[in-house]
4 protein chains.
Amino acid sequence: MKSITEDLIRNTIRIRPNQSHKGTYGRVTLVGGNQNMGGAIIMATTAAVYSGAGLVSTLTDMHNLSSLHSRLPEAMVANILDSNQIKKLIPGANVVVVGPGLGTDDQSKNILQLTLQNVQPNQIVIIDGSAITMVAQDKIKLPKAHIIFTPHQMEWQRLSGIKIADQKNQNLNQKVRDKLNAIVVLKSHHTQIYTSKDTFINPGGTPAQATGGMGDTLAGMIAGFTAQFKNTENAVLAAVYAHSAIADKLAERRYVVLPHQIAERIPFFMHNYQSFK
Amino acid sequence: MKSITEDLIRNTIRIRPNQSHKGTYGRVTLVGGNQNMGGAIIMATTAAVYSGAGLVSTLTDMHNLSSLHSRLPEAMVANILDSNQIKKLIPGANVVVVGPGLGTDDQSKNILQLTLQNVQPNQIVIIDGSAITMVAQDKIKLPKAHIIFTPHQMEWQRLSGIKIADQKNQNLNQKVRDKLNAIVVLKSHHTQIYTSKDTFINPGGTPAQATGGMGDTLAGMIAGFTAQFKNTENAVLAAVYAHSAIADKLAERRYVVLPHQIAERIPFFMHNYQSFK
Amino acid sequence: MKSITEDLIRNTIRIRPNQSHKGTYGRVTLVGGNQNMGGAIIMATTAAVYSGAGLVSTLTDMHNLSSLHSRLPEAMVANILDSNQIKKLIPGANVVVVGPGLGTDDQSKNILQLTLQNVQPNQIVIIDGSAITMVAQDKIKLPKAHIIFTPHQMEWQRLSGIKIADQKNQNLNQKVRDKLNAIVVLKSHHTQIYTSKDTFINPGGTPAQATGGMGDTLAGMIAGFTAQFKNTENAVLAAVYAHSAIADKLAERRYVVLPHQIAERIPFFMHNYQSFK
Amino acid sequence: MKSITEDLIRNTIRIRPNQSHKGTYGRVTLVGGNQNMGGAIIMATTAAVYSGAGLVSTLTDMHNLSSLHSRLPEAMVANILDSNQIKKLIPGANVVVVGPGLGTDDQSKNILQLTLQNVQPNQIVIIDGSAITMVAQDKIKLPKAHIIFTPHQMEWQRLSGIKIADQKNQNLNQKVRDKLNAIVVLKSHHTQIYTSKDTFINPGGTPAQATGGMGDTLAGMIAGFTAQFKNTENAVLAAVYAHSAIADKLAERRYVVLPHQIAERIPFFMHNYQSFK
């Protein structure tokens, strides 16, 4: 297993070309946030915007409209219960995130299915949180696309059938990943990333991050990074690395690091690591 | 009466173990916030999150949904008027806070009763603000659980029957505490804490704290601390100490210290005092 | 005409006594904010809270509930269209502010009348913005109370009948003030304050303050100061002085100073000027 | 083509006269923000307020009321679907902005038409975003007024009929501008400004600005500057220059610069460049 290196980050975060516009940096559509877990989709959306995605749209329960715009006027919002909006905003995106705060009831399942049905083969699709649980439990059909799963250990158990105690066995994880044909970001103290070529371990991470919403922020960062950087695997690795590197820095003075604080530091981190044109 | 010492704080706030996840740091459910006093539950929830509780859910009037998420995407929210949500979220918590901004009308009473009926024996229950008044006046039955009351002097008069002038008599206070079989945090300039073993006085505190919402913030801090630290009495003492120590520091430059400003400083305070693994 | 002096400020802002609680620092109730001008009552309420008032309640259109609590969880909110709430919250206050963002339509007039009918003789009542216009135009009966008017020049013309060009004549202003038997804060570049004893001029003030909402913030500050400091005239003078002194300081680096920025600096200003017990 | 110079900025941003009030600095009315793109009108409004406009009103979908006031209590809000409000607030303004987040459906068209029908000959009208697209596609009649268009390259193609590849030809752009009899701010890496007298190029700008909402912020700044400074062409040039100069500064430490961050720095930029009375 390889450790993610600073070099890899530097070789991923390119210096932005002068001749560019917001379209250059990708369109991200996020799907999530029911009436109870609106904060999750707010945090994911915030992370996508602060990572530098060119245009960000969020399909969410309209109860979350005011709070999302209060925190983040930079994102567009559409009604998650309006299937026409899903049919329009999913195909138009470069990267789709589905799951943060989505829930697992029947309505959530319908939304997940409609989202995945509208995914295009060239798209990157990040399946996070409750969407992983539903994919695991409800045998929802995965679309042809570049799929990224971001499970924590219990979600990986549900999806892979590998019990948490057995997840130390990387070969086992890798085998399920091969069947899924996806990038798997297995979140834990030192997050592991399983790709088609290799397995990586994230050197950073702090227990100060162990608080609700941390994964939503990571999902949004992966969206922002993959929307901008061509090599999807490296973009995922860079997002995972950046997420915990920022947290480690903040934890030098804080007992607990809140997800929204990480998001706000992303532009500074990326500035420091950008290194080629 | 013993003064709370820095040593006690240091012996309470442990350094977080690397092998941990948000579940390690406890689930807190808060119940409060009607249409008029939504700010109270926002402040209490904020304090619980910034204290480092792993997962925080808030049952409140849905009129408070947008403002709570605008300030704090890290918390989950459920409808306080939906009894199914109460029945689900109370038993699932390690620590319950009931009272901030709850009000004292019939609807508030029903909510308080349903909350207490769903409390489990192993849970910590912080009864604050209007919930104290209702317990005192409406003879609401207390559940078997680890109960903490956080009255100011008038609320203590209502609950204990001891007039404010007579509350200087610690033996009197202690006797009522023994009957209640609870930890009592009697808030005043130098807050007193009555436990089963001892009586403590908080050395800090500043009149700059004398403003609405200060108690809501303390209730949320006690929830966050007791959710994380095993010795409940010490966790309460540490929360009370931290609350006023942060206020004292902020008051070095401010005529009045606002509750939300205290919450934001909690992670820094705890970082400075963490001292054992 | 006397200039307001630093000495007067120092003799007004007392060092808070240790033995005190939020009740010591007064209850302020603000009335204002229709569907179009909710920002005005938010700014006034913010200024009252940051000035150190002990308990602050705001009667406003419920459309403003979320934004008010998003910015300021420390205040309580009630429905301005619920006459029972007006009847309850006005008599319970030490200081009433009526007018910021209230509007001048029939509904606004009813609210103003009901507010003034419930005023008690010992209360301080700050009549601001649209409420001044309505008092001037609709012959609304003023209650027996300690009344403070905070007109800008056009509002003073409406209320006093003195044309703006003639308002340089202080004797003229003073005569109308005597008839009104109120403190008049006549806002302009150097604001003038007419009291029963004297006329004062505010030495500070900057054109960087010439932006919407500045007066709402001043009204809230006057409420906060008069709620805390016994000598009402001095409290008004101190609030006017502090408002522009803070603005002058902020304008050293800013072309325009926004009202909410002034509010946030009030606790620092008051800390520097507190000087007796 | 002339480069915009620092000297021009200094000759445009005057030192505010002491004898002035909010009316001195103009009234701006903004029209935009449907249920999906409320963030756009929030960002435009914020930029107008932070640029120092004296009084700012925003006609928007009432779904955006709470988020707008949460971020910006300084603006007034009215219902964009209430034609009486449009008829009242448009003629009362010195500067009108129409377009940010307005959308292009039938309802949006009706709002645009009603807005333009109520424009007065002496007014400055900034036509931005979806409003440009609708003017181009729906042959909406332009009013007699001082019109400013702020298209990006695709919008300019729609409005002028000049394909993006041909937009390098300044004579071509200038000819269409002459027909339109408007100031055209053609946004790209180095934004070009076409006026009746000359063509200007903005020396600044960074790819860190390539993110959604950047244009909305510029539209609001142009409104704020033209509301305050007599020479409209110079005011437009100064706003364009300030917008990218602030972004360039922020990009020294950030990989991506968010629109709301630019708005917050406007008062500091203008303070540094004010230079005559």
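Note that the numbers count up from 1, one per residue, in the order the chain is shown.
From the backbone N, Cα and C atoms, a Cβ is placed for every residue, glycine too.
The annotation domain 'YjeF C-terminal' is assigned in TrEMBL to C:5-273.
The C-beta environment of C:ASP216 ((6S)-NADPHX binding site), restricted to residues of the same chain at least 6 apart in sequence and closer than 8 Å, consists of C:GLY39, C:ALA40, C:ILE41, C:MET43, C:ALA44, C:ALA47, C:PRO100, C:GLY101, C:ASP128, C:GLY129, C:PRO259. Annotation note: C:ASP216 ((6S)-NADPHX binding site) sits in a helical segment as assigned by DSSP. What TrEMBL records for C:ALA40, C:GLY101, C:HIS152, C:ASP216 is (6S)-NADPHX binding site.
For C:LYS187 (AMP binding site), the same-chain residues that are 6 or more apart in sequence and have a Cβ closer than 8 Å to its Cβ are C:THR150, C:PRO151, C:HIS152, C:GLN153, C:GLY215, C:LEU218. In the three-state DSSP scheme, C:LYS187 (AMP binding site) is classed as strand. If you look up TrEMBL, you'll see C:LYS187, C:SER188, C:HIS189, C:HIS190, C:THR191, C:GLY215 marked as AMP binding site.
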Discussion item. Cβ within 8 angstroms of the Cβ centroid of C:LYS187, C:SER188, C:HIS189, C:HIS190, C:THR191, C:GLY215: which residues besides those meet this for the AMP site?
Written reply: C:HIS152, C:LEU186, C:GLN192, C:ASN202, C:GLY205
Item to complete: Would you mind pulling the DSSP three-state label for C:GLY101 ((6S)-NADPHX binding site)?
Response: coil
Practice prompt. Indicate the candidate from C:GLY101, C:GLY215 with the smallest number of other Cβ atoms within 10 Å of its Cβ, considering only these binding-site residues.
Written response: C:GLY215
Discussion item. My list of binding-site residues is C:HIS152, C:HIS189, C:HIS190; which of them have a Cβ under 8 Å from any chain D Cβ, in sequence order?
Written reply: C:HIS152, C:HIS189
Worksheet item: If you draw a 10 Å sphere on the Cβ of C:SER188 (AMP binding site), how many other Cβ atoms land inside?
Response: 16
Response to the item:
Chain A neighbours, taken from binding-site residues C:ALA40, C:LYS187, C:HIS189, C:THR191 with C-beta distance under 8 angstroms, are none
Response to the item:
In the three-state DSSP scheme, C:HIS152 ((6S)-NADPHX binding site) belongs to strand
